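Working notes, beginning with the structure itself.
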Amino acid sequence: MAVAKHSPDRTTARAPTAEHEDKHVQYVTAWVADQLFGIPIADVRDVFIIQSMTPVPLAPPQILGLVNLRGRVVTAISLRWQLGLPEPADRQRMIAIGIESDGESYGVIVDRIGEVLNLMPDTAAPTPFHLDSRWAGMSAGVHSLDDCLLVILNVSSVLAFSNDITAR
Amino acid sequence: MDELLREFLTETNEHLDVVDVELVRFERDPNDIDVLRNVFRLVHTIKGTCGFLGLPRLEAIAHAAESLLGRFREGKVEVQPEDVALILASIDRIKHIVAELDRTEAEPPGTDRDIIDQLEGSLTRPQEAARVARLAPTAEALPNEGERGGTRQPTIRVTVDVLEHLMTMVSELVLTRNQLLDLARRQDDPALMVPLQRLSHVTVELQEGVMKARMQPIGTVWQKMPRILRDLAVDLGKSIDLKLRGPETELDRQVLEFVKDPLTQLVRNAADHGIEVPAERLKAGKPERGTITLSAFHDGGSITVEVSDDGRGLDYQRIRRIAVGRGLISEVEAERLSDAAVSRFIFHPGFSTAQAVTSVSGRGVGMDIVKTNIDLIGGSVEVRSEAGRGTTFVVKLPLTLAIVATLIVGVAGQRFAIPQMSIMELVRVRPGQGDAVVEKLNDALVFRQRNELIPVIPFATLLGLTPQDGAITQDGFIVVIQIGRQRFGLLVDTVLHTEEIVVKPLNKRLRNLRCFSGSTILGDGSIILIVEPGGLVRMFEDYAESAVPTVEARPEPEPQWVEDDSEGPVSLLVFRAGTDMAKAVPLSLVTRLEEIDVARIEQAGGRLLLQYRGHLMPLVFADPAMSLQKEGRQAMVVFSDGDRWMGLIVDEILDIVEDELTVELVADRPELVGSAIVRGRATEILNVAHFLPLGHGDWLQREVAPQAVTRTVLLVDDSEFFRSMLAPLLRASGYRVLVADGVEAALATLALPRLVDVVVTDLEMPVRNGFDLIESLRAEARFAGLPIIALSSYVSPPMVERARKLGVVNFVAKFDRSGLVEALSAVLSARSRGVAA
């Protein structure tokens, strides 16, 4: 997977053109509720549709279950839950962003996947201080796009949750 | 290559390896009985096995050599140098044939008449010279290439990491293969099937190969024991010998890593606590030197390692006192507990019986850690002991940790895998269908098994899949699980199948879930969770604390001998009938408790009858002073045996209690066994046998026993090959199987207070043969009625005669598997009819 170099070159914030690609960070974007989030492409292993999932009884509530991804066991985590948003009553089609952390595989479940965007990382605004603490903890900054804001997800904090909750 | 043939070759090659060394000693000292024994054993095993595999050439030569060796072993004939040469030549010939067999999967053509004639000649005309001269050229004429190669292969060292990585890759391959097979099955494309089958075979071979590469003999762990023990003995001022049996037994290296420390601790413990100081030993009439024996052997799908000493044995009274002193049990409980139950306290954290704290042990940190470590990998440890004769710790271990044999069960629409190692029994429960039922005791669910009440937990509730007080289906299966001293039943909806699964560790965010140890991917691609029985026990204990305190507080009876245990507590059904005095019957005899509308009871010819489950069931009053109620519902206790039923009419069911039963006999009341104090109240214990003929005239010709009793078979055979072939077969036929590798082991097993229903013994065994065993058993009154089935690879009329005289009930050819199963079933059903008559 291509890893975009962090560039000291100062250009405009929005320049998703091929010529400047090497100066930008690519983000895999995804929608949760009506918010756009971005994860640096270097942190993303793959994006996949979940066909079947095995729920784990007594697991922390943000762990939705285990998924077989080509012979690997992937732990599915609800980004909605992590953001303090309600779970939809019925998820028709689950889309997950595959992430590796400490040698273990996770699938972060999102509502839908957006485009891959090229953005200059150092033009991101810092996280507004009055953001919900849960959100603030997962945000590595906010990019202003033409039509919306994009929250850069801090992958390690998405996966950081206490695991001593043993019952729903 | 045929599985059995391969196993035979492996086993024989291992023996040949040993004998290679022994032969050197045999040459030097031909009358050394140990060496003779080993050589005899090899020849004997070959003979026993190749008859089964259809290898006449090997069988003939082995038979002739065995006969001659047998004579030497009995010490009737002195071994002459020419005999040594003859034996060496025979072994060489066996090697040659085995090597050919390995190469071509068939015996090479040719005859061994030359050697056999000489062997037989030596047998009839003992000492004759000039034989060597004739023999030597024959032996050398044998082609030698290949036979060394089979046993002394070049080796290569690889790092453990490489092996572990290989294992992981193979596991992945197995999973992928399973998925492919599943896909192909659905598509039904024959073009796909052929390469897939090939892939499947290769995968299996690869898996076996890698598994084998991970195996290490347990001897590698034992190697340091002699030194440890020597140092200990010097420190403690004792003299101790160490005997190692079965050091070649192989275990997965991961398992070995785990048991290294527990085993060392057990040996230290035996040296410190078990073996007495020399003076004390001499005073007790024992040899000055104590012996600690380490033995390891395969037992079905697991490995058993025993650490035994010939020391003073456990001091049960002392353990009782300490347990009371530590507040673990009350004085009354201490009195009531059986020795076996008491012995388990030594695995309790912080429990030490050492008089003084020594540098070796006695700090109370050893045994509970031993147990914890062994439990951790799905093993178990038990202790048995005889005062003055020694203590044996029996450690059962899984063969490997990477692949686990599991039972797949269904709960609340989800599937789970339960390791078979911890499953004792599987019982179908269904209300109102004549199967076992789950009953309610206060708010706790229990289930009757023989004369024991087993706490039952609905798995769904434990997993939070149903609300705590929601309707629990009582139609399903109970998986009886035993971990350490805790036994309980897990109620599941369905039992699907058994499957060998590759364990994948759980994500670290799920590792604090006590009930799961990992997950696996099944052939259909779905993931299922693997249940961790040890964690279930802890969850169960928490659950029990909140819900069923009475059941949890009860001490755990010894599982193996609940059936005929007269010392331990007995479950009693207490009821009132006629008089005010409470009456009771052993719960184990009771089939069901019923309340029947009086209007349904019919009278015919002065007898009371009830239409019950499609039968006319006779009803009998529990007390002659009773009469039927005019209306409403009549309580009754139902007894059954096969298709016979009888209802005992009572006024009111009071309780189910478990108590130590001391019965005082009552002289002139045939309807009573006697009276006893049950839970502080005088209670009449009913003699069920008195009431049964009142209902059915012929009932006493049959045994009144709880149904579905698992019969225990003791299988005695010196050949691991036969043991591992027959034991699973018998288990599959529904028997509980204990195995012994010889007469001594068999007698040791029988000496334990567990119930062996029938003994199946090989007649031809080295050292002491099957007849020795049968004679020893028949010499003891308590084994007089024990049925014995003899296994033999050949039968001669004098043998049959001798066996008949000893009361052997049946002769079965060694390879006649179905014959053995039939004989067992015939013996056991005849026995259950005969006992009560």
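Think of each number as a place in line: the chain as shown, counted from 1.
Cβ coordinates come from backbone N, Cα and C, glycine included.
Whatever TrEMBL says is automated annotation, not expert-curated.
Residues or ranges marked as domain 'HPt' by TrEMBL: B:1-101. The domain 'HPt' (B:1-101) scores a mean pLDDT of 76 in the predicted structure.
The phosphohistidine feature in TrEMBL is assigned to B:H44. Just so you know, the Cβ of B:H44 (phosphohistidine) picks up 25 other Cβ atoms within 10 Å once every protein chain is counted.
Look at TrEMBL and you will find B:114-401 tagged as domain 'Histidine kinase'.
Annotation source TrEMBL lists domain 'CheW-like' at B:403-542 (among others).
The feature domain 'CheW-like' is assigned by TrEMBL to B:569-697 (among others).
The feature domain 'Response regulatory' is assigned by TrEMBL to B:712-829.
Counting only same-chain residues at least 6 apart in sequence, those with a Cβ under 8 Å from the Cβ of B:D762 (4-aspartylphosphate) are B:G48, B:V716, B:D717, B:D718, B:S719, B:F722, B:G770, B:A790, B:L791, B:S792, B:K814. The 4-aspartylphosphate annotation in TrEMBL covers B:D762.
Counted with DSSP, the domain 'CheW-like' (B:403-542) comes out as 20 helix, 76 strand, 44 coil.
The stretch with the most CB contacts under 8 Å to the domain 'HPt' (B:1-101), chosen from B:114-401, B:569-697, B:712-829, is B:114-401. Remark: the domain 'Response regulatory' (B:712-829) contacts the domain 'Histidine kinase' (B:114-401), by the rule of 3 or more CB pairs under 8 A. In the three-state DSSP scheme, B:H44 (phosphohistidine) is classed as helix.
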